[in-house]
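Step one of this worksheet: look at the structure below.
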Amino acid sequence: MKMNPIVELFIKDFTKEVMEENAAIFAGAGLSMSVGYVSWAKLLEPIAQEIGLDVNKENDLVSLAQYYCNENQGNRGRINQIILDEFSRKVDLTENHKILARLPIHTYWTTNYDRLIEKALEEENKIADVKYTVKQLATTKVKRDAVVYKMHGDVEHPSEAVLIKDDYEKYSIKMDPYIKALSGDLVSKTFLFVGFSFTDPNLDYILSRVRSAYERDQRRHYCLIKKEERRPDELEADFEYRVRKQELFISDLSRFNIKTIVLNNYNEITEILQRIENNIKTKTVFLSGSAVEYNHWETEHAEQFIHQLSKELIRKDFNIVSGFGLGVGSFVINGVLEELYMNQGTIDDDRLILRPFPQGKKGEEQWDKYRRDMITRTGVSIFLYGNKIDKGQVVKAKGVQSEFNISFEQNNYVVPVGATGYIAKDLWNKVNEEFETYYPGADARMKKLFGELNNEALSIEELINTIIEFVEILSN
């Protein structure tokens with residue numbers, strides 16, 4: 001779905017930052033509230049009642065928590081228990097949490113006490129190095145995939161959580177290493193603030209420090225907020241006041257070079273994150289295929305075709321995932337390595353991911369899992385040839401068919417190159433007959449290019465150019 005130009009530009013720019021590993025996420029309370037956790041105001045409602053205040057009339061909840069402690073001789077035990085009870089509840093992750101965990105982002109900051117970010121990363125089989133004490137900053141978890149900085153503490157240690165006014169006043173001394181770490185990330189990374197209200201005194205202090213140091217050279221950051229809507233029975237004047245206040249708030253964020261993306265509803269956050277994820281995934285191609293013979297192709301020409309196709313995909317900045325299919329995989333490797341080593345002068349492990357299939361009976365039982373693991377990393381699946389030897393006869397490879405089914409199930413764009421024959425031709429016929437199902441809304445150019453993928457009269461160069469042009473349209 002096409003969004004307004006400001007959102008489209010943000011998606012394009014932030015996708016680039018994620019792919020270049022310059023992106024970071026700052027998650028606020030709004031992200032956690034979407035799973036069913038109550039707001040901070042609702043959490044403190046019984047505390048306010050106990051000291052004779054109405055939480056609905058209080059804007060400064062940090063001071064409210066401090067008042068409660070003052071009235072109880074500095075004892076915050078009940079508040080600690082409320083935090084533990086609320087944020088220890090088992091809840092389901094939202095799609096936003098899942099997408100944020102799937103993205104190739106390695107830095108997450110949050111003021112939330114809950115463990116939703118860690119849980120989301122764990123479900124993606126990523127190792128999270130969680131930090132919520134000063135001492136933890138000095139250690140590094142082995143083979144970590146992401147660092148989660150919980151600058152206000154963790155639910156399992158509520159007595160240490162940053163909560164009352166005293167905590168905020170002492171933060172710059174007690175938690176100074178966190179201030180320095182966040183300041184450094186704000187300088188070197190592009191942040192996306194999600195579910196954040198920017199009322200936190202600590203973040204305001206850190207942003208001000210960065211602004212003072214860099215003035216007009218601050219790095220661009222982004223935040224997603226929902227535009228104000230008129231409440232039932234709200235006076236027009238009150239609504240206009242809130243709208244004006246939001247306009248001034250957005251203008252103030254620009255002092256810190258934070259670009260605000262205003263949304264009509266919170267569902268748009270999921271749509272935007274899905275677009276970013278899809279943009280990233282379509283830059284990684286799954287090459288599916290196996291062959292003991294190559295249809296009308298001479299073996300030498302087929303090997304050259306696979307070699308050159310892989311090389312050209314890398315040259316066009318696509319990454320490749322392959323299962324090392326017989327008669328295909330080795331030529332994929334050669335093409336990729338030639339482009340990376342000979343022409344680009346470097347070999348990056350992310351550019352080619354190989355997942356050779358396990359052998360033996362036990363391995364066969366794991367093949368579906370292996371296929372899903374490979375394909376989930378990609379956004380486009382290209383299918384070549386697809387044959388094997390079975391009982392001395394050349395037969396169509398069911399494994400390539402399985403990879404097609406999984407690819408479509410996981411919303412990958414499927415690109416069967418029918419001109420290579422065998423299963424690939426069967427798959428091309430299937431997609432061609434139901435083109436609108438596989439490519440809804442595709443224009444005449446895409447339809448024409450797809451038709452050319454079945455043209456056996458094309459030269460190797462012409463067929464490769466057609467594949468590349470088709471895949472580039474998908475990635476854009």
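Just so you know, glycine gets a Cβ as well, placed from its N, Cα and C.
Sequence annotations record features per position, and here Swiss-Prot assigns active site, proton acceptor to H152. Among the features that Swiss-Prot reports, NAD(+) binding site is placed at A23, D114, H152. Residues annotated as 3'cADPR binding site in Swiss-Prot, with experimental evidence given as evidence: G289, S290, L326, F357, R371, K388, G399, E403. Look at Swiss-Prot and you will find 4-283 tagged as domain 'Deacetylase sirtuin-type', backed by sequence analysis. If you look up Swiss-Prot, you'll see 284-476 marked as region 'SLOG (STALD) domain, binds 3'cADPR'.
L326 (3'cADPR binding site) sits 38 Å from A23 (NAD(+) binding site), taking the CA atoms of both as reference points. For G399 (3'cADPR binding site) paired with the residue listed as 'active site, proton acceptor', the C-alpha to C-alpha distance reads 50 Å. Ranking the recorded positions A23, D114, H152 by Cα distance from G289 (3'cADPR binding site) puts A23 first.
Comparing the binding-site residues D114, E403 by how many other C-beta atoms lie within 10 angstroms of each C-beta, the top residue is E403.
Checked against E403 (3'cADPR binding site) by C-alpha proximity, the recorded positions A23, D114, H152 yield A23 as the nearest.
D114 (NAD(+) binding site) is 34 Å away from R371 (3'cADPR binding site) when you measure Cα to Cα. Here the Cα atom of S290 (3'cADPR binding site) is found 37 Å from that of A23 (NAD(+) binding site).
If you compare every pair of Cα atoms in A23, D114, H152, the residues listed for NAD(+), the longest distance is 22 angstrom.
Taking Cβ-Cβ distances under 8 Å and a sequence separation of 6 or more, the neighbours of H152 (active site, proton acceptor) in its chain are T111, N112, Y113, A161, V162, L163, N202.
G289 (3'cADPR binding site): 30 other CB atoms within 10 A of its CB, across all protein chains. In the predicted model, the domain 'Deacetylase sirtuin-type' (4-283) shows an average pLDDT of 91.
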